[in-house]
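**Student:** Structure incoming, see below.
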Amino acid sequence: MISGPFLHFDPTVPLQTVMIGHPATSPLSLPSSSSSPTVADPSNIHCRVCERRYDGSQHFGIDICRACAAFFRRSVAVKKTFVCRRGTNKCELNTVSRKTTCQKCRWMRCLLVGLNVDAVVGRRSPDHVKTTSRDESVKKEDEESDTGSEGKSCEDMDVSHPIEQFQQQISFSVHRPIPTIGNPNIYTTRASLINKVLINYNEFTKSRLDVELSLKHMQQDSKVFGSTGIPIVPATREIISEIYQKQFGLLHIFLKNTFDEYAECDVQEQKRICAMFYPVLWEIESCYWTYRNMPVQPEYETLMMCTQTTYIDSKNVRYWLGNTTGLNESDIQAVEARLENLLTKARNLVLEPMHKLIIKEFEFITLLALNIWAPRNHRGCVSEDRAEQVRDALFDDLHYLYCDGLKIDKYSSRMGEMMCLHTEVQNADMSSTIKNILFSDLNAYLYSI
């Protein structure tokens, strides 16, 4: 009898509880239908900065409320630096009144969720869209209460130095993408599937990060800090194997809550889909996280993000191998050469096109979803027709986002570049190398549960 997490997953259980056994605050509660026009209950959507419930719109490409977007824009425009009066840098932001909210902690949270200082152009978010009349009163109330919360006491604020104080902690400048779609109202937009994938993926990513931060590799001293302030340490075989085995159940929950087509498959077919997708997931995510976190500078050009808290240096892959006692030196050198070649290919074929395209978050999400349901992964299988239906829905949504979201009249060139990138990701040689080098242990684990 098959045992293990595939027989015990309950999508209503908080993800952190499933994987690391402590209480969580945000379960995946979205409906499982891929085609439903209603993506989420508005009462369950919260700003990623202040954690208040809001209408689900994006500002600067991030799921934050108008008040926090306005706070961030003003803070950058007038070069404000804040001080936490409690001295903890961990203040509660979802307070009764914004006037009592700690602005230092609010600012740090803005940077943590991915808001980019360089995106503030002309004191206005590049993806700013005029709100409809039904939202005007809400916007006015939010911004008025937010204005008063910035504080005029010198105890709260020092306007003499811009953003360098926090950036010094991060230690390097960061190349970040242009924000995402212009008007992603997730309740009325026709692009329901892409938005649903995006919302569930963000929850999936957050839950995986919680797992990583709980593991012992985070106790290393040799850390660097990306744009989010999350510590990143050198990866080893053992670390990566432990991380992916602990996170595997979260992938199943993400797919089951996002795609009806996956939920309808039997256990063995679900395992097959996961096994096929994991190498491609690493390929896309590692390049995208590198694109988001690593600066475009010569000293970082050999670094590739491996997970959210680890990286591999293509010039020091022996460190990744870890303990090689008892192994033949020629075998070690052969693995080193294959890994170096893999990282170079990933950078040239996937990462560089992302930089050239200045890929947006919804395009990354679309690329991810297309590779879950790629034809080569389902040809001749029971899920072949289901995969075709998902791809049709994704392309319809992508058309809508380009036309009505970004307002691009002639988007054929951009769509073509996206499909070229999709083709590179589908490179069979790269996927098989990733599977053999990075996921050989995971495949054995997957089919043993």
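Including glycine, each Cβ sits where the backbone N, Cα and C put it.
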**Student:** Which stretch, out of 47-68, 223-244, 245-266, is listed as zinc finger by Swiss-Prot?
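**Tutor:** Zinc finger, as annotated by Swiss-Prot, spans 47-68.
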**Student:** I'm validating the feature mapping. Which of 84-105, 150-171 is tagged zinc finger in Swiss-Prot?
**Tutor:** 84-105
**Student:** How do the residues of the zinc finger (47-68) split into helix, strand and coil according to DSSP?
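**Tutor:** For that range the per-state counts are 3 helix, 3 strand, 16 coil.
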